[in-house]
Structure formats: structure tokens, C-alpha cells
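Reading through the C-alpha cells given below for one structure.
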Amino acid sequence: REIKMRKLDSTKVRPLKSEQLLRIEDHDFALRPGFGGSPIPVGIDVQVESIDRISEVDMDFTMTLYLRHYWKDERLSFPSTKNKSMTFDGRLIKKIWVPDVFFVHSKRSFIHDTTVENVMLRVYPDGNVLFSLRITVSAMCFMDFSRFPLDTQNCSLELESYAYNEDDLMLYWKHGNESLSTDEHISLSQFFIEEFSASSGLAFYSSTGWYNRLFINFALRRHIFFFVLQSYFPAMLMVMLSWVSFWIDRRAVPARVSLGITTVLTMSTIITGVSASMPQVSYIKAVDVYLWISFLFVFLSVIEYAAVNYLTTIEERKQLKKRGKASGMYSIDAVQAMAFDGCYHDTDADMDLTAFSVRCEENLTRARAASIPNLSATRIKRKRSLKGNVGRIILQNNHVIDTYSRIIFPSVYIVFNFFYWGLYM
């Protein structure tokens, strides 16, 4: 009857043969190995499989790695004639003592579980244990963007025991600097991985004491070519495009104003696009220096034309006052007449505005009554006169500010680029 009742009792599970061999039921694995004595040494080695993501906005990175622990627990020793180890999956992990290593400054992490949980436990006859995990972890990286995008970021993944301080557990790199290995095919879209290194140190907590801490350090150098195409080169083109207004006639107000406003708005769009993809830091980045100085050049080109237009208006008023009044109206020259009616006038003599209006009406009446041959001859004569004098009129119509701006603006911008790239590269 007792044997039958034991078979019907489902709460008691008979231990597996492997557990019987390791004498799992004979020991209390809630305590660390060698409890009450010297701290247990736990060796660590890491193989980095991939760096999945680097986020400047969140200031973190995501890494997939194989984390392996090495320690000795004499309670798990077993007799073996061939000195072969035994390998187990994650089901035995919950029944024995394992190091409680965690990632400092981690935001989220998980153990891969496809197709089964990626956990391996290997026990040797003398009690040495190998515990391996495949983990993806996202951790903080305190980045400095003062030289962005010409920057190099130094990030680290930190490992530490959560409960056991240095009096109970000694965490160390199993094979020294060779404990950290990486996949040869690791690559990132925006960064070049310069180096991987392993280091160790101590961390102090006021309530619990000193803890051993291991560091996985890696340096990332940003690829500049992407930002040259997306930010620097368009900014250069906009600045050079704003210089075109210096070569346009100062009386062509719509052309020069529209060109200046277009370049200003385009530079604003470039600056906004770069700022949207970056964290809101309180200091100036290298790309901000370049874009805002480029924006200043574009803005000054608009201000330059405002000054030219204002000085031109004052100059014309002074000339009109000197010439005096004729028949109650100011006299105007050929260039001013061209500004009124939009056509070129051959004569350089002063013309009275009243006579100019009457002449326009007379020209209109003559055009209706004149024959086609006379009209064609007049047009040919005007074209020839225009070809011979248009260059002289354009040169005479340039303001001295435009002349100097054609030299000063490009020269200063070239000097700025020389110092900028020399300082940040």
C-alpha cells in the first residue's frame, strides 16, 4: 500500500540520474561555494557577436555577446573513469549556485530563447564549472558631441556581481586581455570600430561595500562621408549660391531678393534636419559651428544687398536734387528711364519726365501708323546700339560694395574652412 501511494503522489519528482550523480539533493546550493572562507574566484570571458545599434538620441548602444563564467564548486564533483565532462541545459541552472553577474547601466537585456533558451552548463569531474549565456543587452554610453560629426566615442559595458561583494566573490578576466574576442565581420553603418579592450576595477556602494567590476571598452570613430553629403556639401553650395547676387544688377530687386531668401530658407532647413537627429545638448557641436557660420554668410549677403539698395536710392536722390526741376518734374537719365519702361535708351542726355511720358505716347502713335520696314529698321538699330553699350552700362551700374563683396566673401569663407577642418580633423 505504501508503494502504491508513493506512485500516486505527483508532488514528489524522482531526481534524474545526472542529478543523482552530482548529488544535487545532498547540498544546499543557496550558499556560495566555500561559504565562510575566502572569496570564490569567478573568471569571465566574452565573445562579442555583433554591435546592433548606436543611438545618439538615446545615448546608448545594443550589443549581442556570449558571456561565459568559470568557477569551481566541489559540491558538483563526480567520479569519472574517462575524465569527461557533462553538459546540461538551462533546467539544471535553477537547482545549483551560479554567479549573479549583471550589467551596470543597462537599460534592457534578454537571453535568447530560439529555438530553446541559449544557456549551457558544463560540469567537470573535479567540480570546475563552465556557464555560458547568449545575451543581447542595451546599455548607456555617455557620449560627448562637442566634435560631432568629427568625433570619437568611447563606450563600455560593465559587469559586476549584484549581491556578493569582494569578500565573497572575486570577479576577474579569465585569460587577461585575451578574454575579450570579437567577430571579424563586425561593422557599423556610421562608425568604424577602432579597438576593443578589457579592464577591471572596483566599485564602492556606501551601504554594501566594494565590488569587483569588469569593463568591456570599445572606441568608435564616426564616418564623416555621410555628413559631408548630407550637411557640409549642401551648406557650401548654398553659401556659394548666395554670392551670385553680387554679380546681378543692383536694380534687379526681385532677382536678388528672391535668391537671398531662398538660400536663407534652405540653410534653415539643413540646420533643422541636423538638430532633429541629435540629442538636445547644452553645448555647441562642431557641425553647429559650421552650419551657423555658413548661415551667417548667407544672411550677410542679403544684408549686403539691402545696404546697396539703400545707398543707391540715396545717391539717385542727390543726383536729382543737383539737376533741379524742369517744368515741375525731375529729369532722369537713360539708366533711370530703363528702370521705368524696361527698355534700353541710346542717348545719355538728360530727359524730362514729362517729355518722357509724351514721347512714349508719341512712340505708340507712330508705331501704329508706321510701316513694317521702318519698324524693322528701328529694331535693328536699337539692337546694335544695345550690344555695344550693355557692357558699359552694367559696369557703371555696379555699386562699390558689390565689387568688394565679390572678393571679400569668398576669401573669408575659404579662410574659415581652412581653420575649421584644420582644428577638427
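Placed from the backbone N, Cα and C atoms, the Cβ positions cover glycine too.
A TrEMBL annotation is a machine prediction, not a hand-curated record.
Residues or ranges marked as domain 'Neurotransmitter-gated ion-channel ligand-binding' by TrEMBL: 24-223.
With a threshold of 8 Å between CB atoms, the same-chain residues lying at least 6 positions outside the transmembrane segment (224-247) that come near it are 149-150, 190, 255-256, 259-260, 263, 266-267, 270, 273-274, 287, 290-291, 294, 297-298, 301-302, 304-305, 402, 405-406, 409-410, 413. According to TrEMBL, the feature transmembrane segment maps to 224-247 (among others).
Per TrEMBL, the feature domain 'Neurotransmitter-gated ion-channel transmembrane' maps to 232-320.
Sequence-distant contacts of the transmembrane segment (259-278) (same chain, six or more residues past either end, CB-CB distance under 8 Å): 56-57, 145, 148, 230-231, 234-235, 238-239, 241-242, 244-245, 248, 285, 287-288, 291-292, 294-295, 298-299, 301-302, 305. Residues or ranges marked as transmembrane segment by TrEMBL: 259-278 (among others).
Residues or ranges marked as transmembrane segment in TrEMBL: 290-312 (among others).
If you look up TrEMBL, you'll see 407-424 (among others) marked as transmembrane segment.
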Summary of DSSP states over the domain 'Neurotransmitter-gated ion-channel transmembrane' (232-320), given as helix, strand and coil counts: 75 helix, 0 strand, 14 coil
